[in-house]
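In Swiss-Prot this protein carries:
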BINDING   GLY8, ARG11, ARG91, ARG137, ARG140  ATP binding site
BINDING   GLY8, ARG11, ARG91, ARG137, ARG140  CTP binding site
BINDING   GLU21, ASP23  Mg(2+) binding site
DOMAIN    228-329  domain 'HD'
Amino acid sequence: MNIYLVGGAVRDSLLNLPVTEQDWVVVGATPEQLLKLGYQQVGKDFPVFLHPVSHEEYALARTERKSGQGYTGFTCYAAPDVTLEDDLLRRDLTVNAIARSADGEFIDPYHGKQDLENRVLRHVSDAFGEDPLRVLRVARFAARFAYLGFTIAPETMSLMSNMAQSGELSALTPERVWKETEKALKTQSPHVYFQVLRDCGALAVLFPEIERLFGVPAPEKWHPEIDTGIHTLMTLAIAAQLSPEVDIRFAALCHDLGKGLTPKEHWPHHHGHGPAGVKLVEQLCQRLRIPNPVRDLAKLVAEYHDLIHTVNKLRPETLLKLFNAIDVWRKPERLEQMIMTSEADARGRTGFENNPYPQGDYLRAAFQIANGVSIQEVVASGLQGLAIRDELQRRRQQALAEWKQTQETASI
């Protein structure tokens, strides 16, 4: 029996990155041998065991053979005669197919170390094409390692394109698509994930609402990049700089979906694209079973981001309606989420990337004024029921009106 460290732990250590979890492969053993040593079996479809002390995963070396559609349609063979090279051959990328022995020796039959040095993501074998999930995984790795200069090998991108055209991606479950997408949204360069999916044709299959934005023009005065799809990915890139939150990054991705519905004769203008985009966000989130908190913020951003851009021109009653709409009284964190996504939208334009976003400070100050109105004083005035709500609204609106007056006077 021989045990090797494999996969991401080896890859990340070679890149001098933190190793968060370790996976091991066991060659020349049977399930019975591992069970006798105190390992606990957890894999149903293939033999994976938890170490009795470290609880890290140890898998028997195995091969896989395509036996059906999708990423679950595989027959697994695990036995003592399966070699380490056999096991590494079934892996997705060469950089993930490097093993390290107990004495520190690297076993690298598919030249993963060379691809790491050259910053290339390359598939190990043509068996890559049998698992549609790998299209998303490679796009995610491209996003994760983009800051290190990694690119996808042309032959791997070609294979991914063939997979996108084959119809195999339709075998992916919504939960699996969202899980990979959520991981990609957490990377340093989430926009790269969607760009890779577009380049191989998978975006049109899995995210048609986003694909539809490419080729849709916006006024050059406000959008020198012109193309709404390009603007969308630029917005996502800025959002990733502003916040690590998946909710904010996803909302940035979806903020302009409504522009994909604008009739061509109205181009490059997109009046009413905000409310129109809300239905598309709902549709996308239902299809991929995206969590409700992520969906809710994306819908609010789609509807109100343009209003926030003009916040300093809004009447007190409109400001109050905005605060009520985003439910900022019960969910004050929404204010920063809305500001950050709107800022990402404003800066996600060619030549605007480093511009300040004073609307954010204005909105924060307006909220402080409105939120400073005492609910206790309204209740103490003797009002009952809905009259309390109405009086609270009136006082908040009055406070905003007085504050705006002082703001305007100060700027003269």
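Glycine is no exception: its Cβ is also placed from the backbone N, Cα and C atoms.
What you are looking at is a predicted structure, and each value in this text was computed from that prediction instead of being measured.
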Candidate nearest GLU21 (Mg(2+) binding site) in space, where candidates are the binding-site residues ARG11, ARG91, ARG137, ARG140 and distance is Cα-Cα: ARG11
DSSP-derived structure type at GLU21 (Mg(2+) binding site), helix or strand or else coil: coil
Those binding-site residues listed as GLU21, ASP23, and which of them has the most Cβ atoms within 10 Å of its own Cβ: ASP23
Neighbours of ASP23 (Mg(2+) binding site) among the binding-site residues GLY8, ARG11, ARG91, ARG137, ARG140 (Cα to Cα, within 10 Å): GLY8
Spatial neighbours, same chain, of ARG11 (ATP binding site) - Cβ under 8 Å, 6+ residues apart: VAL95, ASN96, ILE98, GLY112, LEU116
Nonlocal neighbours by CB distance (under 8 Å) for GLY8 (ATP binding site), same chain, sequence gap 6 or more: VAL19, GLU21, ASP23, ASN96
Fewest other Cβ within 10 angstroms of its own Cβ, chosen from the binding-site residues ARG137, ARG140: ARG137
C-beta crowding around ARG91 (ATP binding site), within 10 angstroms: 21
For the domain 'HD' (228-329), mean pLDDT (0 to 100): 95
Three-state secondary structure, ARG140 (ATP binding site) (per DSSP): helix
